[in-house]
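Per TrEMBL, the features are as follows:
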type	residues	note
DOMAIN	250-381	domain 'GGDEF'
TRANSMEM	6-25	transmembrane segment
TRANSMEM	37-57	transmembrane segment
TRANSMEM	63-84	transmembrane segment
TRANSMEM	96-115	transmembrane segment
TRANSMEM	121-142	transmembrane segment
TRANSMEM	154-177	transmembrane segment
TRANSMEM	189-210	transmembrane segment
């Protein structure tokens, strides 16, 4: 068998697209809640139909083969782009569906007005380059989130596709095509070999991305509170011990915060309103201490803890700003303002003079004093 025979290479691509499609159809069937599996399946189906149009060209009208084949393969690339965006819950722009429109117009123009197989090839290559550039932009998000294996695999597939499509444009301009069916030329061989690598690397890369994202979600769920997104108690204690060990003789400040009369909020407005209040406060707390390199955790129902390298005066100023902010901008539920205040106990000690247990006991004592002094205040050791 001659593997450089174009019909053979097309047949191998058809088989690879069937495998591609079958894998993600099975995943989508058994995990219908994971919508991101739908797009790779659509990609495999589109690539399969597009490649089949060229394989069946001897029995089809040229226009059907040209239009359906090129548009199908281009949509196969677009669906991979949509798969990555769907995986990371990014917006799926409606404009993506219109990317093939310029290609369709170009194919019609270079079929009926100025017949040219070379320009049809160039039009397709330019469209594929646009899609690849969009995919490269989206892969940056995956890479920044630490999903290296999947993003690098898809990066290799995308860069290879970019180079091949650019090379095809150069080859087509240098050696114009005469339109012979299954003509053996470097550009066609490059396209089919690139298509085969694309059909192998894209499913592999996407599954790597999916597994890496799933592992990240499991880690997030194990260390963070599901409602507020802050550290849970176990993760906060772990980070606190690490912060103490790396303090290098800097002052350590621990603040324990308790929302005042939170049970009354639940009783008066309902638990959904209570959850909203917790989310609102956690967001404000994170924003107030943004850039302070602080460990922030939800350590109880309405209790929060903050630990960071700082002097108590600076820490107190930040939490005092938060207390005043709540007075002027309270949370709202169903159009009604909910009065929200908090009590805070704070202690700041040199690390060589303290352990986390001693810090916590002193901060808890200060929190008790803040409540005894009428709540809605800070008590600092």
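In case you wondered, yes, glycine gets a Cβ from its N, Cα and C as well.
Within the domain 'GGDEF' (250-381), the DSSP-based counts of helix, strand and coil residues read 63 helix, 34 strand, 35 coil. Between the transmembrane segment (63-84) and the listed ranges 6-25, 37-57, 154-177, the one holding the most Cβ pairs under 8 Å is 37-57. Confidence annotation: the domain 'GGDEF' (250-381) carries a mean pLDDT of 87 in the model.
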